[in-house]
Amino acid sequence: MFQSYWGLWMASRGFAPIEIGTAVAGSLVGRAIGVGVLYPWLNRHATLLRLARVLPWLIVAAALPYLFVNGFGMLVAVSIVFGVTYPLLLPLNETIATSAARQGLLQYGPTRSLGSFGFMLGTVAAGWLVSGLGAGVLTGSLIAACLLTAVTGLLPVAASSALEVRGTGISGVGTLIRRRAFVACLVAASIIQGSHAAYYSFGAIRASELVSPVLVPLVLVLAPVSEFVMFASARRRVESVGVRTLLVAGAAIAAGRWAALAVLADGWGFAFSQILHAGSYAATHLAFNMFVRDQIDPSEHAAAQGLYASVAMGLAMAMFTFVAGLVAPAGLGAAFAVMSAVALCGILVAPFVRSTR
């Protein structure tokens, strides 16, 4: 909901593309701080289970001010605060999943597909609400979704050592950035994921230009559907290709996807590009988490996931979102063309990702 439609919500409030890009970039900078600094610190002082109980309520509190946004300055301020808090669940869930996968309690890919399934439901539900009631309904829907997450987090769970993991805190970050293979994997993933900036900021707007309003959610949901299929099938067959190959594939597919969006001007072309999300996003995400699962000590998983969410999904995304916002006035096609060039750079870094265990 927030990732797919928030650009549309801001546009409905009268904000210009450069203002939308700036607000999204501010949110992503907040994300970088939250997941890169705050999350490792929290996991050093609290178990994963305790964080899963408490953090969703903090996110609910951070979402409420969206009801009162009035003007560009307030939009940026609220975006930054929400950006610090709501992404904390991302590295938290990934830490739980990779720790449990390392212990043989679950398979990462199929488990991660459940998150994609939830994204699918949210995309369709939010899209239908917008088509029927307008973009203004997104504010209340976002708060309600955050509240549902918080309540769900209170449900009892089976005892597991994977939920009792405490991280090494910020010191773990220092250890990781001294490992060349990890840094190469992080940089490659950051470039590829960062290239999604124009899509996340203006994808819903672009879709609304190419298809009728009632079809927008159906077109947008194709991305998480393809992501779901990728993760659900990510067992031995997919994982056997290796981290480097997955990163190269992710970069190449992302470059092709954004190039297609830069030149295609019909709904069918946009729909096809959505299917490529399985490669541009899911393959890249899977590659990084395979590296963490297999090459990083469990005590450093929180630091690794925090860095990924901070750098790849935060700082890199913020930088390229700002760039996309600057280029967008010349046409959304130009913004996507720039992101295609960015994605290609990921291929240059992938060969430096080497196994150390």
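Cβ coordinates come from backbone N, Cα and C, glycine included.
The domain 'Major facilitator superfamily associated' annotation in TrEMBL covers 2-327.
If one looks beyond the transmembrane segment (20-39) by at least 6 residues along the same chain, the residues whose Cβ comes under 8 Å of a Cβ in the stretch are 6-7, 10-11, 72, 75-76, 79-85, 87-88, 90-92, 170, 173, 200-202, 302, 305-307, 309-311, 313-315, 317-319, 321-322, 324-326, 328. TrEMBL lists 20-39 (among others) with the feature transmembrane segment.
Residues or ranges marked as transmembrane segment by TrEMBL: 51-68 (among others).
Positions annotated as transmembrane segment by TrEMBL: 74-92 (among others). Outside the transmembrane segment (74-92) by six or more residues, the chain places 2, 10, 13, 15, 19, 22-24, 26-31, 33-35, 38-39, 42-43, 48, 51-52, 55-56, 58-59, 61-63, 65-66, 68, 146, 149, 302, 305-306, 308-309, 313-314 with a CB less than 8 A from a CB of the stretch.
Among the features that TrEMBL reports, transmembrane segment is placed at 113-131 (among others).
Packing against the transmembrane segment (137-160) from elsewhere in the chain are residues 1-2, 5-6, 8-9, 49, 52-53, 55-57, 59-60, 63-64, 66-67, 86, 89, 100, 105, 122, 125-126, 129-130: each is 6 or more residues past its ends and has a CB under 8 Å from a CB in it. Positions annotated as transmembrane segment by TrEMBL: 137-160 (among others).
Among the features that TrEMBL reports, transmembrane segment is placed at 181-202 (among others). When Cβ-Cβ distances below 8 Å are used as the criterion, the transmembrane segment (181-202) is approached by residues 3-4, 7, 17, 20-21, 24, 243, 247, 250-251, 254-255, 258, 261, 280-281, 284-285, 287-288, 291, 295-296, 304, 307-308, 311-313, 315-317, 319-321, 323-325, 328, 332, 335-336, 338-340, 342-343, 345-346, 349-350, 352-356 of the same chain, each at least six residues removed from its ends.
The transmembrane segment annotation in TrEMBL covers 214-234 (among others).
For the transmembrane segment (246-265), the list of distant contacts is 185, 188-189, 191-192, 195-196, 198-199, 206, 210, 238, 272-273, 276-277, 279-281, 283-284, 286-287, 290, 332-334, 336-337, 339-341, 343-347, 349-350, 353: same-chain residues at least six beyond its ends, Cβ to Cβ under 8 Å. What TrEMBL records for 246-265 (among others) is transmembrane segment.
Here the transmembrane segment (271-292) has Cβ contacts under 8 Å with residues 94, 97-98, 108-109, 112, 116, 181-182, 185-186, 188-189, 192-193, 195-196, 219-220, 222-224, 226-227, 229-231, 234, 238-239, 243-244, 246-247, 249-254, 256-257, 260-261, 264, 301, 304-305, 308, 312, 343, 346, 353 of the same chain, all six or more residues outside its ends. What TrEMBL records for 271-292 (among others) is transmembrane segment.
Through the fold, the transmembrane segment (304-328) approaches residues 17-18, 20-22, 24-29, 31-37, 39-40, 87, 90-92, 94-95, 98, 172-173, 176-177, 182, 186, 189-191, 193-198, 200-202, 288, 292, 296, 334-335, 338-339, 342 of its own chain, all at least 6 residues removed from its boundaries and within a Cβ separation under 8 Å. The feature transmembrane segment is assigned by TrEMBL to 304-328 (among others).
Long-range neighbours of the transmembrane segment (334-353) within the same chain, counting only residues 6 or more positions beyond its ends whose Cβ lies under 8 Å from a Cβ of the stretch, are 180-181, 184-185, 187-189, 191-192, 194-199, 202, 243-244, 247-248, 250-252, 254-259, 261-262, 280, 284, 291, 320, 323-324, 327-328. Marked as transmembrane segment by TrEMBL: 334-353 (among others).
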